Every structure is written in structure tokens, then in C-alpha cells.
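Notes to accompany the following structure.
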Amino acid sequence: MPAKLSVNLNAVAMLRNRRDLPWPSVTGLGRAALAAGAAGLTVHPRPDQRHIRFSDLGDIRALIDDEFPQAEFNIEGFPSEAFLDLVEKHQPEQVTLVPDDPTQATSDHGWDFVSRSDFLAPIVARLKAGGMRVSLFADPDPLGYERAAAIGVDRVELYTGPYGATYDDPAAATRELDRLEKAANAATALGLDINAGHDLTVDNLPALVKRIPQLSEVSIGHGLTADALMYGMPVTVSRYIAALA
């Protein structure tokens, strides 16, 4: 079964926030993505609300519940108490925990599972008790994956930024794919499902899914939004789904 596509709406929200105006509509483009076949929507609300606003979360939850009940809502973020309160309020199907500093422009590394498993364990338990699937952002290095499995995580999301950066270097792309494949196989052996995200595009997805056929989901924002400016959201989503096939 092909990996599912979750459309990250942060870039849409960032464009909206350049003006004190309600467009482009985050929920409007989310609706277009889901209508075109996306399996879910992803957001990463940061404390300063520089792209996704806290008020967007209820709107997206309502959009999915009212119009696309088969779709999933994925909320990413560092597990501060404020973040945990947000996800417990809006009940996404999946919570993806990332080790970001709040001032970071974007997620650029995974968790150190060896040193942070004691911090993460009660958070994972709390979210799972609330009925949410939990994924942890992970570097493509299997060191410590057994710690992630031991604390009850459902999935790891492989950080694909270094792979995305090899768009003009085929040899480097092959090396990064080797790392990702090895990491994915190690996670699968531990009973973890695999997500992936960061700098994925129509061009680099086919090689990734060929190497990791067990991939459950990709969340894509920047590249997909850039393509949507050229082709429109419905056509763009269709192209990404085809790239995952």
C-alpha cells in the first residue's frame, strides 16, 4: 500500500501572515488538498504563532470532522506543557514530537533517544492515554531506536532534510538513501512504523519509496506549496500522490 500524503499547511499560513488579511485561507487550501486525495493535514504551531496560529487548530479539526472524517490531523511540536494542552484540546489523530528550540526556523534534527528517553516516556504515555498516535522525529541513525520502541512510541518520522539537499548530486543522494533505508529497516525490526518528512518533492519521492516500501506516511509542506503556486493545489496533490505510487 503506498505511503499516505499529509499536507503541511505551515507555508500557507506563513504567506497569509505577511498581511493582516484572511487569505490565502489555511482551511480553504486544506480543503482543496483533502478533496484532491491527500490523506491528512499537518501543522506545526510554534509559540510565537509566526505561521500557524492557535486559532487555526480548531478550524482544521472542524474541517476534517465535518467534511473529511476519514482524514487525519497531525500536529507537530516540541512537547512543552502549552503544546500538550493544545493537542489534548484538539485531539489530532497523530502527534509528532520534535526536539526544536522555539526560535528555530524549521525542524533540522531528530531526538537523541539515548539521553532524552526519560523525558519523553511520560509524555508519550500521556498522549497515548488520550487516544493519540505518537511519532517521534528521528535522524536516520538507528542508534537509540530501541529506546523509542521501549517507551511505547508508535512511529518514527525520519528526517529527510539531508536527502532533500542532494537534489543536484546523485552520488550524495544515493548515500543518503542508504542511510534512510538502513534506519527504516532497523525501526521496522523493532515494530515501529515509519513516517518521513522534510524537503521532499515530486522528484525525490520515487527513489525514497522504492528504498522504503514500508513507509506509512510523508508530510510535505514547502515543496508542495511551492508547486501549488505554479500548478494549483488539486493538481499538485495529485502529482505527489502519483510520486508515492
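Glycine residues also receive a Cβ, built from the backbone N, Cα and C atoms like all the rest.
Swiss-Prot has this to say about the protein:
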type	residues	note
ACT_SITE	His44	active site, proton acceptor
ACT_SITE	Glu76	active site, proton acceptor
ACT_SITE	His198	active site, proton donor
BINDING	Asn8, Arg19, Asp199, Gly221, His222	3-amino-2-oxopropyl phosphate binding site
BINDING	Arg46, His51, Thr106	1-deoxy-D-xylulose 5-phosphate binding site
SITE	Glu157	site 'Transition state stabilizer'
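Annotated pair Glu157 (site 'Transition state stabilizer') and the residue listed as 'active site, proton donor', C-alpha to C-alpha distance, rounded: 10 Å. When the Cα of Glu76 (active site, proton acceptor) is compared against those of the recorded positions Asn8, Arg19, His44, His51, His222, the shortest separation belongs to His44. Note on proximity: among Asn8, Arg19, Arg46, Gly221, the binding-site residues of the record, the Cα nearest His198 (active site, proton donor) is that of Gly221. Between the binding-site residues Arg19, Arg46, Arg46 has the most other Cβ atoms inside 10 Å of its own Cβ, all protein chains included. When the record's 3-amino-2-oxopropyl phosphate-binding residues Asn8, Arg19, Asp199, Gly221, His222 are compared pairwise by CA position, the greatest distance found is 26 Å.
Closest by Cα distance to Asp199 (3-amino-2-oxopropyl phosphate binding site), from the recorded positions His44, Arg46, His51, is His44.
In this structure, of the recorded positions His44, His51, His198, His222, the smallest number of CB atoms within 10 A of the CB marks His222. In this structure, Asp199 is the one among the recorded positions Glu76, Glu157, Asp199 with the smallest number of other Cβ atoms inside 10 Å of its Cβ. Put simply, of the recorded positions Arg19, His44, Gly221, the one whose Cα is nearest the Cα of His51 (1-deoxy-D-xylulose 5-phosphate binding site) is His44. Under 8 Å, Cβ to Cβ, and six or more positions away along its own chain, Asn8 (3-amino-2-oxopropyl phosphate binding site) finds Leu41, Thr42, Val43, His44, Gly197, Ser219, Ile220, Gly221, His222, Leu224. Distance between Cα atoms for Arg19 (3-amino-2-oxopropyl phosphate binding site) and Arg46 (1-deoxy-D-xylulose 5-phosphate binding site): 18 Å, as a whole number.
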